[in-house]
Amino acid sequence: MVCGGFACSKNALCALNVVYMLVGLLLIGVAAWGKGLGLVSSIHIIGGVIAVGVFLLLIAVAGLVGAVNHHQVLLFFYMIILGLVFIFQFGISCSCLAINRSKQTDVINASWWVMSNSTRHELERSFDCCGLFNLTTVFQDDPSCNAICKNRSSTCQMCGEKFLKHSDEALKILGGVGLFFSFTEILGVWLAMRFRNQKDPRANPSAFL
């Protein structure tokens, strides 16, 4: 039987927002865990992940409260915000899946030269490489690169190739996951719109718009 009744729509919308709340809490927890263990030292990355988690949590709370109370105003703004998030996320996900290796190289190259020296040194140490896309160079006398590979041999692999390998995998995963969640957002908009226009059987009939 198709889920079309008031109670079924309400329960489905509540369940979807509970999932969003769990994902938001997970993002906040993972960011705090990564910072606590020193896995990620960049405050901008930590702050960005926490901001996304808090934003998703607030949307989920608004949708959950609107669904439980059949609140017309909350459900309306929930639909609008979730619809805008869908458009943005769908575009970003498609871009992640469509970007080719040449574009990835341009992005990495541009990002590398706007980083601070400390960030570049941290990446070189983490990925055990030196430099970016130049030809393999002797770095034994270069004090700026503190990668472990300098202690093993006089040459180090370029960071650009390692970045490309990881970025290609990451973009596919991010694009696929983002595309999946974007369709759950469309489901949320549809459920909220349907539920908002349904009549609560326990309410006063004259109170329904």
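Residue 1 is the first one shown; counting continues down the chain.
Using the three backbone atoms N, Cα and C, a Cβ is placed for every residue, glycine included.
TrEMBL lists 12-33 (among others) with the feature transmembrane segment.
The transmembrane segment feature in TrEMBL is assigned to 45-68 (among others). Through the fold, the transmembrane segment (45-68) approaches residues 10, 13-14, 16-18, 20-21, 23-28, 30-32, 34-35, 74-75, 77-78, 81-82, 85, 188, 192, 195 of its own chain, all at least 6 residues removed from its boundaries and within a Cβ separation under 8 Å.
Annotation comment: TrEMBL describes 75-100 (among others) as transmembrane segment. Residues 59, 62-63, 66-67, 107, 171-172, 174-176, 178-179, 181-182, 185-186, 188-189, 192-193, 195-196 of the same chain, all 6+ positions outside the transmembrane segment (75-100), place their C-beta atoms under 8 angstroms from a C-beta of that stretch.
A C-beta separation below 8 Å, combined with a sequence spacing of at least six in one chain, links Cys129 (disulfide bond) to Ala147, Cys149, Cys156, Gln157, Met158, Cys159, Lys162. For Cys129-Cys159 (among others), the entry in TrEMBL reads disulfide bond.
The disulfide bond annotation in TrEMBL covers Cys130-Cys149 (among others).
As annotated by TrEMBL, transmembrane segment applies to 173-193 (among others).
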Most Cβ neighbours inside 10 Å, all chains, among the disulfide-bonded residues Cys130, Cys149, Cys159: Cys130
